[in-house]
Amino acid sequence: MLPSGKRKADAFSCTSAARVTAKLALSFLALSTTPLVNAFSYEEPNAQIVLPIDASPIKPLLPEPPAPAEHKFTLRHIYHHGTYEHPTLHRKKDVPAQNADVWLAADDEYGQERIGTLKARSSPVRIQRLADRRPSVVDPMVAYARQQGYASVLSPEAWTMDEVAGPDITDKDTIISLALMAADAYVQTPDGADWEDVGAPFNRSLDFGWEGDGLRGHVFADETNSTIVIGLKGTSVAVFDGDGTTTNDKVNDNLFFSCCCAQQGPWTWHQVCDCATGTYSCNNTCVVQALRQENRYYQAGRELYANVTELYPDANVWIVGHSLGGAMSSLLGLTYGDPVVTFEAVPEALPAKRLGLPIPPGSDPDAPQTREYTGAFHIGHTADPVYVGTCNGATATCAIGGYAMESACHTGRECVYDTVGDLGWRVGIGTHKIRVVISDVLRKYEKVPECKFTPECRDCGNWKMYESNGTETTTTSSTPTSTSMTRTRTETCKTPGWWGCLDETTTTTGMATTTTSEMPTTSTTTCHTPGWFGCKDKTTTSTASTTTTPIATTATTTTTSSTTCLTPGKFWGCYDKTATTDIGSPSTSTELTITSAPALPSSVLTPSATATPPEGQPDDSGKRCRGRTWYGVCKDYEGGEGPVNDL
């Protein structure tokens, strides 16, 4: 018999080989559960293990919005792209950051201003844009949409909502810096760096005057080249270009910024198509067909953007512009999905619709101003008729120049300074200039106005736009009307006076139609003693004879009027006047006979068909006057006596 302690120790030890084998099998099962279950699943399936597992990838977390940052920008490049006179021209000038002096060009009463390092702040901006925004991908879509007449329809997967580092439009210094980037600047370099061709070599024989035509882009970059700003400036702006205006820019701008091709407006507008079918009724299909020729300012802006982004492929791009350059900046921002800040820009919602730019799902293609997340901010003031969309009246500067600026809506948000209410300004085109905006608006106000979204704005509200299948034809016919009149006037003046001729002989020949009654009238007046205000003695005899002959045909009548003045007045008129009117007989066999009146007493003159007193008729003294002065006083009588005052 074993001791008790020995028995307790042996109780915890396994002396059977079968038990050892079972423990090893259980250990292997614990280490490899899944393979063994799969191997023996045909005998005892386990419902919890064979359930399907969701293998879809986990969606990536949304990136954190960029943090606000400070940027210091300097001018790096100047790009110049021709538009109408030199459409193939594309040149670039590099600006050395250390040796160059950048100056703001003088404008009227504003002198030159040196531009140094420009500071700006960035803040998160939400933009709904295409996922693939490369110009090589977007440009063919825009060209196809313009040819088809409607925007391209893309799937929702092609769009993305991004938080990008855009300009802080609540910061005053940032707004002023961006306005200086959009202004007209020039560079003075010690080495006199010249322009270099970016695209095809430009014809050097046409190298004179090219800088006055086209769209110019000033490229600013920060210290790390992580953010660049493209400032667009039209050197030959199609709205206020003066002597450089051509027909082409009026055609393009009136297609984009007018309701119906500059029709039914002031006579000064340059009409560019015939799409109006009635009073404020326009065939929009006709307008789209007229738009197939690409706007050269928009084309120049896209090519300039492509070259700049190729030079800075990983940089964050901001676009700024003024006036027409501001409108082009906004269109580029809608095309490529970049933040935009404009100053006094022409309302561009109407051309954005007609260009057929890509739109996200759920947006109205006929109202681009209803898109909320565009990243565009339009800064302006209430005294600028171009910005507020009122530069289209009969006396407006735009209308006088032939431009129909009827668009009134901006895409994105509007930041409006109320200069009319706050400063008492009057609406005028002089407040549109960028130097006026910088000096008298941006720097004068302490705060930047709130930028508001205005989706309720509507362009061309009084027009009825309709689509058609393109089979309508418009026929306009007119009947030419010709009116001719032949008139002969023969005049011989023998005694000129202060106001006209004192003696006048006139002969008039014309066509007339006879009636059944004719009444010739002869009036003869002879003055022997003229006075200061008329004739002191005046005798007038009027004799009328009427002959009635029924004539039913049309005849030709010749009227002859003869006037002879023997005693001209001292200051004007004639003291004796004899007028004779003869009405010729019609061209028929019937002849009219004038019967002479019977003889009258000597106190009354004898009437006759033609009465012309002899030259040098004597006055009451019985003397004849042989010559008179220019004011009517007789200076020479017969008999050799001197001048006599006959008053």
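Along the chain as shown, residues are numbered 1 onward.
Backbone N, Cα and C atoms are what each Cβ position is placed from, and that goes for glycine too.
Swiss-Prot tags one of the stretches 447-476, 507-536, 567-596, 597-626 as region 'Disordered', and that stretch is 597-626. Comparing CA positions across the recorded positions Asn225, Asn307, Ser323, the one lying closest to Asn283 (N-linked glycosylation site) turns out to be Ser323. With all protein chains in the displayed structure included, the most crowded Cβ environment within 10 Å among the recorded positions Asn225, Asn283, Ser323 is that of Ser323. The two recorded residues Asn225 (N-linked glycosylation site) and Asn307 (N-linked glycosylation site) have their Cα atoms spaced 16 Å from each other.
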